[in-house]
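Enquirer: What follows is a single structure, and I will ask about it in a moment.
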Amino acid sequence: MTAEMEPPWLHAPPVEPYPYQDSDDVESGPPLHPALAPLRAYVGRWRGRGRGGYPTIEDFDYAQEIRISHDGRPFLAYESRAWLLDERSQAIRPAGRESGWWRPVMVDGEPTGELEVLLTTPTGIMELHVGRVSGHQVELATDAVLRTTTAKEVTAGKRLYGIVEGALLYAQELAAVGHGLAPHLSARLTRA
Ligand code: HEM
């Protein structure tokens, strides 16, 4: 590469590690953005178990960890990892994994109670949800689903999340592989 072609940053000093904090504990870390006040109860590390099924598959038991964190900006980061359990609650194999963002809608500096949620899975599916927060309850429905060419055919989804007696509960429905909306997952997780 000739000197004229070199970008100016090529010989700049090395950068420090990412200097901002990502926190899953509202008591420490950066202050929670006011947009996230209605979702404050969700921030944390959660672990628990659930039961799943679909018209096309056998019912199954699973365990799951969810991390919901923030960095002081008006969105939550969402990460979930699940694994299948046998009848003795021993791990069989890794299962669903998902990550994305929960974005409360703000108008004139006030949260409207609406939520935009973006989620992706390693199985080639991207879900765009619109939702509502009321009290501790979060209700989501897909606005769009995008799939890679090799992904299973998922066309819609619906989710209901709640915080009940300090636990995170949810139920999730899917429209997939030729079926209309039907339950796929429900679980109860407590703070890990
Ligand atoms: C806690 C997370 C999840 C768990 C534990 C889970 C578990 C399972 C299991 C055990 C199966 C049966 C096939 C297999 O053994 O792989 C399955 C199938 C399936 N799951 Fe999930 N899943 C999760 C999340 C999701 C999500 C987020 C989506 C959609 C975005 C999804 C869509 C599907 C579809 C489309 C099938 C295939 C059904 C069929 O081909 O008949 N799953 N899931």
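Backbone N, Cα and C atoms are what each Cβ position is placed from, and that goes for glycine too.
For reference, TrEMBL lists these features for the protein:
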type: REGION; residues: 1-28; note: region 'Disordered'
type: DOMAIN; residues: 36-191; note: domain 'THAP4-like heme-binding'
type: MOTIF; residues: 44-50; note: motif 'GXWXGXG'
type: BINDING; residues: Thr56, Lys152, His184; note: heme b binding site
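Burial and contacts for the listed features, if you can.
Expert: Across the region 'Disordered' (1-28), DSSP classifies residues as 7 helix, 1 strand, 20 coil.
Counting only same-chain residues 6+ beyond the ends of the motif 'GXWXGXG' (44-50), those with a CB under 8 A from a CB of the stretch are 24-26, 61-68, 82, 85, 89, 167-168, 185-192.
For the recorded site, His184 (heme b binding site), the DSSP three-state label reads strand.
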Enquirer: Quick check: which same-chain residues outside Thr56, Lys152, His184 lie with their CB within 8 A of the centre of the heme b site CB atoms?
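Expert: Residues close to the heme b site, other than Thr56, Lys152, His184: Tyr54, Ile57, Val154, Leu174, Ala176, Val177, His179.
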Enquirer: Of Lys152, His184, the binding-site residues given in the record, which has the fewest other CB atoms within 10 A of its CB?
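Expert: Sparsest of the binding-site residues Lys152, His184 by Cβ contacts within 10 Å: Lys152.
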Enquirer: Let me check the 10 A CB neighbour count of Thr56 (heme b binding site). How many other CB atoms are there?
Expert: 11
Enquirer: Helix, strand or coil by DSSP: which one applies to Lys152 (heme b binding site)?
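Expert: Reduced to three states, the DSSP call for Lys152 (heme b binding site) is coil.
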Enquirer: For the motif 'GXWXGXG' (44-50), DSSP counts of helix, strand and coil?
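Expert: Summed over the motif 'GXWXGXG' (44-50), the classes give 0 helix, 7 strand, 0 coil.
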Enquirer: Calculate the per-residue pLDDT averaged over the motif 'GXWXGXG' (44-50) and state the result as an integer.
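Expert: It averages 98.
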